[in-house]
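Structure record follows, encoded as structure tokens.
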């Protein structure tokens, strides 16, 4: 017995030491990543200081930062501004913004080489001399694509993604990579390696996610154009939270080759709800210019899976009246009063401008959320997602979802049985992934894919029955207090719907939260005044002065029409 006890104690001690050594190794990797980032920041700060000593007054710097993208490109094309001046002006501003918000994951020192390269190009591209920021997981040669995970800190990207290559050929200068939530599966912006990114308008608030670093950097003035990604709202939610314009195109409209998602190439992931890349900026014209620049022969040649459809300027610039469907709630997750208010105000403005507004109701959103969207990502009960956290520290904002996935299958069945009396409430407001049904066979998986296609057909039929050109609808907002997005995973139904449908959708800021909105929020009860409704109320409280946006949607491959509605909404809101 004493020998057995000694062996048991020794084994226990060995396990404790082994776990401690594992955690220490993780800490070392994270410290090294932070040290590399900090050294890059110091290097760029030194380069900015050297440039500042030679030329450019603070007055000229402010003038450059205030220029809209279209005007800035014109000044660069004509030569009245130099790419070098513009680059270092934005690098300096980015340094200032990241000190306040922690939005940068890493500067791209090769931007100085790209600066020299564009001056050797025979023709000036549409984005000649424009500094561009890119989201963490968009591949750039010689840099990491971390997704906020320790397991991704070992391998540098060997080749630029197709999108980065096209940006460079159009004369753009990628200069910074921005922070993301761990595993990208969150609409907050926090990971254990690089920390929490904050909203530049209110440091108690989140910038949204998963393109939250982009949102904070652009909204803070540290970038004029950024590239994010969207698989459930990850471009549109940061745009809503940070008062930006953002476009989620049809998934195949822009190349995702060599863009990394959870340490694997997006193109190798067979999923009926695909990831898409898209632009984020301060105005709609900037999004249109970016799409026009990207939809070029270089894109079509580098990635033959992208349909060779150039940007249709005629559709974007048209002034013909539109037939616009609209709704202020999808009937699944009631949004705060201010988000519904701006839909009605925008509807009135569009109507007064001569457009035809038609009530529209998206079908079966409860079914879409539980049986289509969430089941796509947790078809295996979340096992593949859990694997990415192996040998990692789970960010606090994700712990509830991770713990839910860890519940054994038997435990989930017992939980479902216990919660059966609350079935209606769970249908209204699914709290976590513990109660999501899984695909138990290949046949069920194929049937799931078929169900998504059938729903798309149903949705398009309803759209065509009403002869709609576009749809105006709400988006989640205003900005949540940090930490709350992880508690309300399914509040993203307003954006998630158009990922399932694979429709182009964009967000435009149109107003701000008022004192009256804040007072009305005190009366908000959602559907049932249940814990989820009360959590949403807490998440958005204290938002007076923060941006409020609407969402614009078009049918697949009609990005130009989506942008056309966005431009009309932007123009009318600015006039107001």
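Note: Cβ is positioned from N, Cα and C throughout, glycine not excepted.
Unlike curated entries, TrEMBL annotations are predicted automatically.
Taken from TrEMBL as is:
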- 135: active site, charge relay system (ACT_SITE)
- 210: active site, charge relay system (ACT_SITE)
- 234: active site, acyl-ester intermediate (ACT_SITE)
- 184, 210, 231, 232, 233, 234: substrate binding site (BINDING)
- 86-563: domain 'Amidase' (DOMAIN)
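Residue 184 (substrate binding site) and residue 210 (active site, charge relay system) have their C-alpha atoms 5 Å apart, to the nearest angstrom. For the substrate site listed in the record, the two most distant Cα atoms among 184, 210, 231, 232, 233, 234 lie 11 Å apart. Around residue 232 (substrate binding site), the same-chain residues at least 6 positions away in sequence with a Cβ under 8 Å from its Cβ are 187, 273, 373, 492, 495, 496, 499. In this view, residue 210 (active site, charge relay system) is surrounded by 33 other Cβ atoms within 10 Å of its Cβ, with every protein chain counted. When the recorded positions 135, 184, 231, 233 are compared by the number of other CB atoms within 10 angstroms of each CB, 231 has the fewest. Around the Cβ of residue 234 (active site, acyl-ester intermediate), a 10 Å sphere holds 33 further Cβ atoms from the protein chains shown.
Neighbouring residues of the recorded substrate site, listed in sequence order and excluding 184, 210, 231, 232, 233, 234, comprise 185, 187, 209, 211, 229, 230, 235, 237, 275 (Cβ within 8 Å of the Cβ centroid). The distance from the Cα of residue 233 (substrate binding site) to the Cα of residue 135 (active site, charge relay system) comes to 14 Å. Taking only the Cα positions, the spacing between residue 135 (active site, charge relay system) and residue 231 (substrate binding site) is 14 angstrom.
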